[in-house]
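As given in Swiss-Prot:
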ACT_SITE  Lys276  active site
ACT_SITE  Arg350  active site
BINDING   Lys264, Asp269, Asp287, Glu348  Mn(2+) 2 binding site
BINDING   Asp269, Asp346, Glu348  Mn(2+) 1 binding site
Amino acid sequence: MIDAVKVGFVPFSTAPRGTLVVFCDDALKFGRAASKALGASAGVVKRATTTNQFKGKSAATLDILAPEGLKADRLIVVGAGKASALKGSDFLKYGGVLAGKIRGDNGAVTVIAELPSAAMSPDQSASLASGIRLRAYKFDRYKTRKKDGDDTALHANVTIAVADVAAAKKAFAPDNHVVDGIIIARDLVNEPPNVLYPEEFARRASRLRRVGVGIDILDVKAMTKLGMGALLGVGQGSARPSRTVIMRWNGGKKGEPPVAFVGKGVCFDTGGISIKSAGGMEEMKGDMGGAACVVGLMHALAARKAKVNAVGAIGLVENMPDGNAQRPGDIVTSMSGQTIEIINTDAEGRLVLADVLWYVTRKFKPKVMVDLATLTGAIMVALGTEHAGLFSNNDQLSERLTKVGIETGERVWRMPLAPEYDKLIDSQFADMKNTGGRYGGSITAAQLLQRFVDDTPWAHLDIAGTAMGAPKSDINQSWGSGFGVRLLDRLVAEYYETKR
């Protein structure tokens with residue numbers, strides 16, 4: 001992971017150094033602080049903005065090297081479009097856009113956080129800083145040689161000039177911890193599977209003790225004693241033993257039921273005996289994207305001292321095809337006592353989640369529970385890579401997730417759950433089977449999971465299309481996106497934190 005950019009805040013009166021970044025609207029007007037910083041170069045800049053195709057449209061950029069009359073070495077103008085059309089999420093995007101423009105810049109960068117009509121608010125300035133950090137991320141720790149044309153990392157010292165430094169720092173502090181959580185999740189998803197196997201994943205999750213998270217790690221012996229036959233069946237073909245990690249953050253009122261988050265952590269998925277085709281199998285190192293998100297989220301909640309009690313639980317396995325591997329036709333007994341016939345060993349994630357969901361439901365009795373999993377290819381057929389699939393037994397929780405998804409840009413789309421689908425996973429020999437056939441694959445997977453949550457308000461997010469390999473964006477150029485950390489942090493902040 002490369003996160004070498006340093007972001008700080010300074011007053012408007014600070015003289016710009018190195019690269020100067022300013023904002024203008026679609027009328028090509030600048031704010032007072034920007035105009036003052038431009039000084040004698042204002043005429044040159046004005047001519048450039050009027051003769052170029054720039055037009056000041058939202059997120060458009062104009063790059064001018066060493067404009068006459070400007071003490072800075074380089075000027076970047078970022079368009080903010082119409083003031084009436086601005087949204088809160090635009091400032092995160094602008095941070096990403098300008099970080100993309102200064103990538104490879106190893107010097108000083110000064111960003112004037114001002115629109116033509118007014119200075120950016122502390123929250124807007126904080127979003128700008130977050131966007132810079134998120135776009136600056138690069139995972140290249142295993143590259144020993146760099147080629148010409150390789151995307152270069154951002155090593156600059158970025159100072160954001162603001163109207164109120166103290167207020168901007170205060171606004172950015174929690175956001176900065178959320179960005180750290182996203183970077184943790186991205187790192188985990190990007191790691192190769194020979195490095196990040198279940199035991200190593202558990203070890204990395206245990207680093208959250210540093211920010212005050214309580215950690216319990218269940219080994220195979222402990223899970224066997226608990227009766228986690230569904231999870232253990234998935235991992236029995238691997239030389240790497242399975243693990244379940246429980247993370248606890250107690251920031252709310254003592255005794256108040258927690259919010260709970262459960263993640264699928266298949267550290268590598270060959271498909272098992274029902275083996276996948278070779279093409280693209282290397283991407284199955286990312287089949288633990290749900291677990292990665294939960295670890296990143298728990299870091300964010302603890303580091304920003306969220307006023308909530310929260311539990312994160314991740315089931316960590318490898319799905320491998322050796323002589324001891326699970327077979328189609330096997331019947332496993334889950335921790336709940338319900339039996340599951342294995343039809344396809346490549347429908348393994350729901351087996352892992354079934355036991356962890358049941359464990360969390362019974363042990364912690366959460367007020368709400370959300371699981372995340374790169375669960376089905378079917379959700380990508382339905383929704384592509386722009387929305388995660390949302391399945392829930394609770395309308396209020398669904399509405400809240402949809403709302404914060406729009407706010408954060410990590411969008412979800414509600415999919416159906418209904419008793420009529422249950423017949424698709426009926427088994428002749430067990431209580432259910434682990435796959436329902438060709439049609440409605442993401443729905444039947446969620447129908448199975450629903451049987452392991454009792455009456456807990458619960459949502460299942462199928463993030464197969466958004467956690468890895470999703471289209472690059474203004475704030476993410478990484479294969480592993482860290483999807484879900486901002487979404488769920490916002491859910492907690494808006495609806496479940498104690499207001500004091």
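Just so it is clear, glycine is given a Cβ too, placed from its N, Cα and C backbone atoms.
Feature map: Swiss-Prot annotations on the structure.
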{"residue": "Lys264", "record": "Mn(2+) 2 binding site", "Cβ contacts under 8 Å, 6 or more apart": "Asp287, Met288, Gly289, Gly290, Ala291, Ile314, Gly315, Gly349, Val352, Leu353, Asp371, Leu372, Ala373, Thr374, Leu375"}
{"residue": "Asp269", "record": "Mn(2+) 2 binding site", "Cβ contacts under 8 Å, 6 or more apart": "Lys276, Met284, Asp287, Glu318, Asn319, Asp346, Glu348, Gly349"}
{"residue": "Arg350", "record": "active site", "Cβ contacts under 8 Å, 6 or more apart": "Ala373, Leu375, Asn434, Ala445, Leu448, Leu449"}
Cβ-centroid neighbourhood (8 Å) of the Mn(2+) 2 site, Lys264, Asp269, Asp287, Glu348 excluded: Val234, Gly265, Val266, Met284, Met288, Val317, Asn319, Gly349, Val352, Ala373, Thr374, Leu375
Binding-site residues listed as Asp287, Asp346, Glu348, least Cβ neighbours within 10 Å: Asp346
Number of Cβ atoms other than its own within 10 Å, given for Lys276 (active site): 15
Local backbone state of Asp269 (Mn(2+) 2 binding site), from DSSP in three classes: strand
Chain-mates of Asp269, Asp346, Glu348 with C-beta within 8 Å of site centroid, Mn(2+) 1: Val234, Val266, Thr270, Gly271, Gly272, Ser274, Lys276, Met284, Asp287, Asn319, Thr345, Ala347, Gly349
